[in-house]
Ligand SMILES: CC(C)(COP(=O)(O)OP(=O)(O)OC[C@H]1O[C@@H](n2cnc3c(N)ncnc32)[C@H](O)[C@@H]1OP(=O)(O)O)[C@@H](O)C(=O)NCCC(=O)NCCSC(=O)CC(=O)O
């Protein structure tokens with residue numbers, strides 16, 4: 001932004017931005033997973049303990065097996081392969097410095113994964129990549145500058161003036177946060193076309209088993225999911241809010257250390273989310289729809305819930321008294337891919353729009369929910385636009 005001095009006053013030299021009419025919309029969605037390894041969940045504990053040379057820790061292995069059975073996950077994709085681990089035994093030991101080697105690997109792998117997904121979204125959108133005006137990239141692997149956003153812009157040949165933002169360490173709500181930012185950018189810059197890229201590779205968090213990291217190992221997987229705003233809206237993003245649950249800042253967190261990124265997931269996370277989610281939703285819907293919100297019940301809506309873990313989905317289903325199929329997209333994504341942190345919500349929206357195409361009947365209003373260290377609940381009110389003549 002150029003600032004010029006005129007008549008002693010500070011004045012912007014650029015033309016005033018025009019606001020877009022109506023809410024921003026998701027126009028196209030693409031997803032991708034790394035080609036490295038696909039691990040069936042029922043084989044994960046055996047494979048992980050063998051690769052970590054920890055088969056002698058039978059109690060821990062037994063516990064990981066018990067946890068894996070309860071995750072609701074069928075398989076997960078990983079960039080990390082056994083060959084890479086053999087070449088980098090330091091990845092197994094949190095006490096050994098390994099952050100540099102991890103960052104070197106993800107600096108290439110994360111934008112590449114995002115590129116695979118972005119190419120699908122751009123193809124669906126049907127416009128040249130050079131029409132993209134803004135890029136918002138969310139990843140917990142963005143530990144250097146320039147970062148994955150610049151590399152993705154280069155890989156996609158985006159215009160040199162593309163306006164880039166990187167969100168780092170936002171964890172599971174990276175997707176929701178990036179979408180909210182894209183919404184603000186699109187609504188405040190008429191004609192903006194925002195590429196939102198979320199890409200997560202667990203390589204930066206990987207470690208050998210210990211008593212405190214089993215749940216993370218059982219839960220997280222790798223994936224990427226860009227969206228663009230499109231000419232035929234898939235979902236309108238009507239409003240977005242964040243609510244932090246008081247005194248829960250120690251329940252969920254990530255910490256970058258010399259031996260990689262540590263996750264902390266307190267056992268109370270699913271119940272804390274269950275106890276607070278309805279209040280967050282009521283606030284978001286009343287603020288967005290006013291009295292019209294009173295005519296809606298939770299079962300009248302479609303749901304895009306970040307599948308942070310099976311009990312989180314179970315608690316939300318039970319607290320909101322949702323019908324049996326309301327969380328199918330979230331359950332399905334958890335089952336097929338595990339928790340891919342910020343990228344997961346893109347997979348959920350992709351699954352939802354596929355169901356909408358197959359089923360025909362679809363609610364007008366929906367809610368997107370994601371959870372973040374804090375604990376903060378990210379809520380977005382979504383609207384499924386009426387189907388156009390072209391789509392019908
Ligand atoms: C681990 C689970 C699959 C276990 O399922 P259940 O809770 O139904 O089963 P259960 O109660 O019998 O527990 C099985 C065993 O796991 C242990 N256990 C459960 N939760 C634990 C936790 N958070 N930390 C350590 N251990 C835990 C129990 O003590 C028990 O041990 P034993 O067998 O020895 O008695 C589930 O609780 C789960 O998915 N939790 C993760 C939820 C979560 O925090 N997700 C992240 C959301 S935010 C996010 O997505 C992160 C981000 O920001 O990226």
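Cβ from N, Cα, C; glycine included.
Features reported for this protein in TrEMBL:
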ACT_SITE  172  active site, acyl-thioester intermediate
DOMAIN    16-225  domain 'Chalcone/stilbene synthase N-terminal'
DOMAIN    236-384  domain 'Chalcone/stilbene synthase C-terminal'
REGION    1-21  region 'Disordered'
Can you break down the domain 'Chalcone/stilbene synthase C-terminal' (236-384) into helix, strand and coil residue counts using DSSP?
69 helix, 42 strand, 38 coil
For the domain 'Chalcone/stilbene synthase C-terminal' (236-384), what is the mean per-residue pLDDT, to the nearest integer?
93
